[in-house]
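Reproduced below are the annotations present in TrEMBL:
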type     : residues : note
DOMAIN   : 143-336  : domain 'CheB-type methylesterase'
ACT_SITE : S159     : active site
ACT_SITE : H185     : active site
ACT_SITE : D278     : active site
Amino acid sequence: MALHVALLVETEFLRLVLRQLLRRSIGAEVVAEAATPAQALAFPPIGALVADVEACLADPSGFTALCQKHPGRIVLIGQGEMVAAPGLNIPASVIRVPMGGKGGAQDLAVLTAGLAEALRPLLASATTPKADPAPPAVAPSAPRGGRVLRPALILVAASTGGPEALQEMLAALRPPPCPLVIALHIPAEHCAGLVRHLAGATGHAVTLGTAGRLPAAGVVLLQGGMDHQVVMRGDGLWLREAAAANSVFHPNGDVLLGSGAALDCAVVGVILTGMGSDGRAGALALAARGRPVLAQTPASCAVAGMPAASIAAGAVREVASPSGIAARLNDWFALPALR
């Protein structure tokens, strides 16, 4: 069983490095990510927490609370002497791993060796906690059916593992004949970099989703760190800021998908990989209106909680890999439009 690791890291670049390093070189699986100690405190039991010292220094009391919640499971990383972190009250159970300081491949080698040594006892443990108490990943007994029309709006919810799943889905997707809006659990400061990456990797027009009128077609909008909802006005679809959801997850998938259920147009919901059950309530609201919901196969997820919750609730019409979801959407793009 792979060791389930959570990341507490401010920068998306370092997160990407750690995801690849932990999976390929150490055999651990990243199941949750946060940019602040306060966000990390919402994590369920985990096998290990790899924390960047810079993120912890911004909230010493939050770091102390994390040490109390996950004793013996925290690995603190930092450049050179920063890992000593004199501004933090570091228990003896916290393992410190320097990242080097000379840059490039040498730093990566130092970090890889240090993390492998720090995580070895936890990797050997036979009692690794489960990352997510999600419902069983089983198909609903009565899959949602009904007529499908050409999508007028596609709403996507994703969390842990979302950037990779989105890249796979968008790379296989033809230019959509409608707006595609994504609620990805990611801090606002990391959105611009991901927008550029997805645009370059997939060839789609990807932009930051902010309040305003939605483009008619062909544009993918990634929400910028806060909750939004889609509303319909006489002159088209608009994205507007919503009151913050009562959830630790933002942008919130239930808010976004739930707003789609109130629209009189052909809305499609998509639930991708992620921890927890965000998107389930929104998916149920869409299904109740006869709107199709697609979910990622739990086996292909970094963390299966979100799609598994919607599947178990009976809200999902079809289950597929991210590229399979794109293939189904491509089929629907050729259908008649709602008149």
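Using the three backbone atoms N, Cα and C, a Cβ is placed for every residue, glycine included.
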Distance between S159 (active site) and H185 (active site) at the Cα atoms, whole Å?
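Their Cα atoms are separated by 5 Å.
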Compute the average pLDDT of the predicted model within the domain 'CheB-type methylesterase' (143-336).
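Overall, the domain 'CheB-type methylesterase' (143-336) comes to a mean pLDDT of 92.
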Could you state the CA-to-CA distance between H185 (active site) and D278 (active site) to the nearest Å?
10
